[in-house]
Every structure is written in structure tokens, then in C-alpha cells.
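Accompanying notes for the structure given below.
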């Protein structure tokens, strides 16, 4: 759908604070962001006059924004730009204004130089050491060094240090007042006072006298919403105690007493906090009082803030601007930043389409071109409010675009068309015809189209069009009408003999375009199929049924928009033919009778029905009450089948009715007829509400919640809950509230402080038992301090140890969760390798004084950066110092590929690619089959094939200075040769067979030994006769060549030498043959390719040969029988 361009007057979306204090060391940024269509243009006024941004080289305005940036890189003083700024955002449909932003530069003046004479005072006298910090912007925070503050010595709100009475131990030379300036993070220190105390043998006791404030009364004005702080500091010996009162009532819950009761504080003042507060100072000598009259004024605040108005031609509307304050605010209306007229309560301003009546503008029969932005300015001597609200006439769609809605045939459906504007949108089907309304269509005033009964012909695309003379917008909804999902062959009740097969049908018919899901339930719980039960497309089969299979089976068929269900009961019968013929469910019990009523019990008696040849095993007693869940029968208890009279334990305040069911091996009877009703008397609750807990939902509250009592646990009318709470370990009194809800929110708490909480249920009869006291916590806030001195220790290739200095637990401002490290891979030290810089996190839970942790799974030979935050269960704190570290080289990853790129009957050519992660500087590759170390720039190898009938397996690994990495394996392909035996394929999984234990081998060895014995006897006989052994012919035979390694790196193998070792084997130190470390079993499938100490690797699968045995056989004599035996072995 082609969407019409929506027009909108400007709306301010971001602006700086009214009282804007900036740091003189930074550039000044004054924010002004607005949205609108067309995009707004921005201009500024400074101190009420047009501010030409383009003429000042230090001032720039951001693109598509009104935000100003004042730079001092080329000089200039930030103080020159102090003043009152206001931003104007304008387009063709109006002008919106920001607040007037008072820009001031932060100041941190030095303390004036002064020489302070030593202060001499007698012991027991009062003393005030003045601070008088330099006036800063904002005002500094003051504190005193080297002074322990308590009931006797404390700092006042003005920063002075007050001594109620001086003791000899107060003699010091370094009482210094310090001023901390927040913007510049600097602390200025005043020259220290020297205090000399003249001691006396006995300190005279004196009655209290006020040091601050003075006199008998004083007054204070505070604005609504601000913090109220009242102070009373008194002198006297002994040190007086301070108590506070409010005339005409008690101190409310908002009042906090601090500084040993010397300061009364209310964080957010309201009008009811005004009045006369009295502080009383007393000791054992006397007491005095001081009255403070608190007056609460109010800057303007909103009662009804004007909101944007969208009208159609000839429509009416109104903008309302209701405020309150003390004194009552004056209201002025502006349009596009220009005053309409000064507001007067009895003045009515009238134009043809606009009328100002008091705090309301009324629009009548608006016409084209009435779009504008109106401003309401409410002000009194304590402040002002400014709000923008536009009047616009363009329509706008609010809902999602191009929805697809599926509905089952003959069902009702709604097509939503939420819009913003007038007149009412029109709806068309398939882009044709007039608006839809009437018949089985109905259009609601909010633009929604109702189709009362969807038919197949209703399927199609519906277009919603909202238009007026200022614009047009469309939205489309695609409606698909589907066939209903139905079970056409439902499961039926059946009885099955134990050990036979039971089968339930569930054949479904549904719309072909909707995927269906078929699930089975047994007794309303998901059925676990296991190995025995079988489910196919249309049925459920239960082979070899037993008593555990008895129950109600439900087939549920679901699609994304509808479902259907059907149920049937399976009854399992004994295999006894007699029982099969006669056994059935029992008849229901009869003649229910109530007797022996008591406060919480009654006796129920009944007559059992016929058991139908299957004894009753138990009776189930059910109840129904007519107050909370009328008509719902619930199980009360069950009893053995030989009982017919039981005492029922009941709950108070319930009008009971009972019925009984009998159960035997076949099943459950029908319910009996209900008994007469029995109303139990009400009583106090006897259950404690469960799951009591307290936890803050924001930083200054605590939500106390619990699980409500069940209806049957109310025990009487008008159930309520009594909630108690108090600060833990402070000794304060319990606060409490009575509520019908299941939670209560305690407001104006400090951040994350523990509370003791208890709970009790009560009704009109009385209270129930109290719960145990639990500990809850008020809300968490962001941690204020970062971990410090984050550093690394012993970086390795894939891990590094980290150390840090923990934060003060009080700065966590919540339940400590963990120290969370954010770390990322900045770069690889391998040139040209691109890395993923995604941040990762790891948490460390540690409360020790010197915590440590280990970061693992790092990439070797890489540059990393990290920082740490402390986290509570809701927030993270500020970041620590950033740390860089470098991991050491590691072994490379597996090469990217190893493949045979060329092969013939004589050789194989291998090629490979570098690893994705070298993890260091590659120094080469190791190819294992029988030999092979390669330089890092070599990525191919050509091997001559000694025997085409063999298959070779090759192992390749890249190497760094640290060592060889993971091995990549490849196996040579088959070679086919017609007319020859098929090639010998050696599986990667080999089996070692000890032929010395085989029967055929033992028999063969015995036969060979017998032949040798006969030959020895023959030789002995011939020698004893003087005969000669004929060796001449044997000497003339040429010697067989031994395996030699060619210049091209190829090898010739002779398969008739059964005991020649591979070249990878080594000679032992004593000159004997040392068997190779390699084993074919080691290179079987699933094993790891292992290397010998000299780096060699046997990868060709052939029989081992004893090389020394062959090469040493240089005699011209025939092979001895002993050698023949050895070769056979």
C-alpha cells in the first residue's frame, strides 16, 4: 500500500534543564531536539533577543537538530555565554518552544586567606567553630577533618562545628573545614583552628541553651516537593538531648530524625507538612523549647496538562491547561510562540474559530489551515511551567501494516483499523466497491470491522482508508477463512481383558493449509508413550493392558487457530471368564445421613450399593459449598471400603453438602444423591498467609506481598490482612496497615535497608495467628563506586589471572551479586587477521579483601581490553579503569583444509590451507605419514606410491614456537585395476590379533619343528659320512636389494620381507633393534594421531619388517631354518 505522507507540527522531544550548570572545562552543549513533518527548522533567543548562531565562530548547531555546541578550543571564556536561552522549532504547521534555560558556569572559588588565632575556651563552655565556605555554584558540601561527631559535637546545616560543651580531650591543632565542589571534583581546605581548653577541677553543670537557632521562635519557608531540614543544637552540661513535636498532631511517617535527633528532615514536602514544629532540649538541670513555623509554598504544578489535538474540518475540540500552586499561578496562552493575550480569570477571548475561557481554549468548526502549536505558560513567584500542544488535521494509522488474519468458517472475527484523525475511515474489500457496512458487516466508531459470520466468500484483502483534505493513509488486512478442525472418528469407551490390546481411534479432518498437532492425555495429564504405547496418525494402541492403564484417554487436535477434543474410558477386566461376565462398577451409596454436629466436624453415614461381584476398595467423600464455587464438587477425603460411617473434619463458615462415590477394581460408581446442607460456624482464620516477602520495586520503596488465603481458609466474613513493618536493628516502633489486597507498598524508604515484616489474617470474628518475622529489603539503586586498581597477572595463551580492589559494601546499594568483567578481543597480533570484537562478560562472586579471578577461553596471541563493574540484582555500577593485556602464543588451530588435489597410479599430491586462528607466528607444518616437516610457506606435497593396492592416511598439523596444533586427517582414495585382485583397504580402526594363541599357528609351528629336526638329523648323518653341503648354486644367486629412499622422497617397499622395520624405527644403544614407538592401533579410527619424540609418524598401513635382520643377511649361504621360522612369525 502506498502510504500518504503524514504532516505534523513540531513537538519538542529533548531539551536541557531549566537551571543548567555546566563545567567550564568542557564544551557547552545546550540540547534542543524536535520531531515533525516537514522536518522543523530551529532558532534561538538569548536573554529575550534573537541569537544569531551563524555569526559566532565558537557556536555550531547540529544537523537536523537545534542543539547548540559552544567550543573553546580556540579561546574564549565560558562565563561570556551565561544567560537565558530558549529554542524555537518551526515548520509549515506551527512553532514549538523549549523552557527558558538559565545557563550558568560552575564556580569553585578558593578559600580567602586568613590568619586564625588560637581559640581558648574553658572546659564545659559551649563553642562554635565557623566554616563560612566560599560561595560556589552549585554550593559545596562541607565536612570537618579530625573531629569525631556525636551527641556533644556535631556539624550544623550551615557547616559550622558546634560543641555543646568542651572537654579537655578537644584540645587539638587541626580542626579544618573542607568544601567539596561536585563539578570540579576538588576539595578546598580552610586554615585549621587551634583549640586550647583550660581545664578546671570541677566542671559546673549548666542548663540547656540553644546555639542554633537562637531565640524562642523562628520561621522557614519551603517549596512543595523540596527537602525540609529543621535544626536544633543546644549547649549545656551534661549534654542535652533533643526531642521534636508538631503542634496539633504527631510527627508523620515521612519525618526522619538524624544527627542524634538534632535534625528533622522530610525528603519531599507537601502542604500538610506546614505548621509549628517544636524542639525541646533538656538535661538534668533544666529544659528549653524553640518553635519553628514552617510555611509551604508551591511552584506551579500540573493538574491537567494540555495534550495534542487532531481534528477534522468543522469539528470541535479543546485544550485544557489546569495547574495549581501557592500563590495560584497566572496562565498565559501563546500560539506558535506569540502571546494570544494576557490571561485574566474573567476575560473571554473570542475569534471566529477559537475561544479562550479561563484555562481552556475551545475550538469550534475548525477549518483548513488551523494547524498550530499552542503553549500554556503557568507562573508564580516561585517558578513556571511551559507545555506545548499542537492542533493538527492530518489522519494517521496507528496499527501494524499488512496484517494476516486467519479465522475458522462460520466464526465471528474483527479486523482492526486504529487511526488518528477524522473523519471515520472507510473499508473496502479487494480494493473495489463502496464502504462495507450492513448485512453481516458492522463498522465500529474506532474503525474496527466486525464480520459476524465469516464465510468462504469473505476471504480476501480488506483496505482501510483514512483521508481528509489534508492527507490520506491506507492499511491492508488479508483475511483467510479456514475449514474447522474436527475429530470425525472419536475414541469410544471400551473394556479390555488384562494382557490384551486396546486401541482408541482419533481420525481428524482439518484445513489442508493448517498444520495440526495431535496429543493424548490420560486422566487430564499428558500421556507418556514410553516403549510400550504406540501412537500413529489416527489412533493410540495400548498392548498388554494392565490395571495401571485404566482411566480416561483424551485426544486433543490443535491448529494455530482452533482445536477439538474427544475422550473415552478404558476399563481393565480380569482374565477370569466368570469375573468377565459378572464384574461391573458398584452402585452408588444411598441414604446419606448427617449426625453428631460439632463446631468443626460432623458424622456422615451411608448405605453401600451393590458391588457387582467386585468388592468396594474405598469410598470417596466429596463436598460442594454454595458461596465461593457454587456447583463445583471437590474431594474432601477417602475411606476404606469396609466403612460406612465416618467423622468429617470441616472448615468454619462454609455451607457444606456431601456426596459419596464407591470404587472397586472395575471403576468408580456414579455419585450418590447429595446430603442435606450443614453450615459451620464462623471462626477467626487459623492459617498464616504463605510466601510473605518484601522487596523494593524502586530505590525508595518496599513492596510487601503474600499469597492470599484460599476461600475455604477464610473462616468468616470480611477477610483482611494486617501488615507490620519496621526498620531492622533500629529499635523503632512497628508501623502497620490493614488491607484487603495481597500486597502493600511502603513509600519513601532509604535505599536497600533491611526491614522486619510480619503478617496476620483476620475476619469479623477475630485475628488469626501471626506469621514469623521475616527480613525484607527496600529497593536497590545503582552502585555508586567502581572497583579500583584492576590489573592482570601472569597472562597465558588462553587464560589470565585478574586482581582488583573491591568496593565498599555500602556503595553497592543493593544485594551484592557479582563483580562483572566486560572483556573483548581488540586485535590479533598476527598481522592482517580480522577478529570479532564482541564484548563478553564473566562474573566473580567474591567478598574477600583481596579478590582474584581467572578469565578463560581466551584466544592466544591476541590483544585484549577489559573493565569491571560491581552489580547488584538490578543494576550495574560505574566502570573501573580499563586494562589492556596480551595473551601468549599458543598452538595453532587445525588447518582449514587438507585435500588430495592430484593423484595417479604413481603419486599423490596434497594441498592444505592455513588455520583460521594461527594463535601465534606460524613456523611450519608437520605432515605425518612416515616423514615430513615443512616450512610455513609450503602448502602442498607430492608422494610417490610404492604400492597402489594400499590406502594411506595422512595427518597434518601447523606449528608455532609453542608446539604443534590439532591434527587434520585425510585418507587416500581407492584405485581400481581390472584383472587384478581388489586393493587392500586398511580401515582406520585396526585390530591386533595375537597369532601365538591361535590353534592353526601352533599346529604349523609343530610341523615346521618336526621338519627341521628331520633335516638336522639328515645333515648330521651326511657330515658324519664325510659328505659336503652343496652351496655353490646358492652363492651364484644375486642378492636382493634393500629398501632405499630415493632423492624425490619416495620409498620402495618389498612385500616379501616380513620382518624389515620401517624407517621410523630407531636402533637401540647396544646395537640391537629397537622396535618403533608407533603402533597401528594408535592410529585407528577414533584415536588421536600421536607423534614420536623425534617427530616421526607411521601412517602407512603395512606389516612391520625387521630391517636389521634383512640387511645383515649378506652371507652367500641359504637362509637358515631358524631364519625361516623367524620370517614366518
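Counting begins at 1 with the first residue displayed.
Just so you know, glycine gets a Cβ as well, placed from its N, Cα and C.
From a predicted model like this one, the values you see are computed outputs, not experimental measurements.
Counting same-chain residues at least six beyond the ends of the compositional bias 'Polar residues' (668-681), those with a Cβ under 8 angstroms from any Cβ of the stretch are 585-590, 592-594, 597, 599-600, 602, 604, 606, 609, 620, 622, 624, 626, 633, 650-662. TrEMBL lists 668-681 with the feature compositional bias 'Polar residues'.
For 1032-1060, the entry in TrEMBL reads compositional bias 'Basic and acidic residues'.
Positions annotated as domain 'Ig-like' by TrEMBL: 10-98 (among others).
Marked as domain 'Ig-like' by TrEMBL: 112-194 (among others).
Per TrEMBL, the feature domain 'Ig-like' maps to 207-295 (among others). Counting residues of the domain 'Ig-like' (207-295) by DSSP class, helix then strand then coil, yields 3 helix, 53 strand, 33 coil.
Here the domain 'Ig-like' (300-392) returns a mean pLDDT of 82 for the predicted model. The domain 'Ig-like' annotation in TrEMBL covers 300-392 (among others).
What TrEMBL lists as domain 'Ig-like' is 400-480 (among others).
Per TrEMBL, domain 'Ig-like' is recorded for 484-571 (among others).
For 588-683 (among others), the entry in TrEMBL reads domain 'Fibronectin type-III'.
Residues or ranges marked as domain 'Fibronectin type-III' by TrEMBL: 688-781 (among others). For the domain 'Fibronectin type-III' (688-781), the number of residues in each DSSP class (helix H, G, I; strand E, B; coil) is 3 helix, 43 strand, 48 coil.
Taken from TrEMBL, the feature domain 'Fibronectin type-III' covers 786-890 (among others).
What TrEMBL lists as domain 'Fibronectin type-III' is 894-979 (among others).
Taken from TrEMBL, the feature region 'Disordered' covers 668-694 (among others).
The region 'Disordered' annotation in TrEMBL covers 1032-1129 (among others).
Positions annotated as transmembrane segment by TrEMBL: 999-1021.
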As a quick check of your reading of DSSP, tell me how many residues in the domain 'Ig-like' (484-571) are helical, how many are strand and how many are coil.
3 helix, 46 strand, 39 coil
Could you put numbers on the helix, strand and coil content of the domain 'Fibronectin type-III' (588-683), residue by residue per DSSP?
0 helix, 45 strand, 51 coil
Highest-contact recorded stretch vs the domain 'Ig-like' (300-392), from 10-98, 112-194, 688-781, 786-890, CB pairs under 8 Å:
10-98
The domain 'Ig-like' (10-98): DSSP-derived helix, strand, coil residue counts:
7 helix, 47 strand, 35 coil
Taking 10-98, 112-194, 688-781 as candidates, which has the most Cβ pairs under 8 Å with the domain 'Ig-like' (207-295)?
112-194
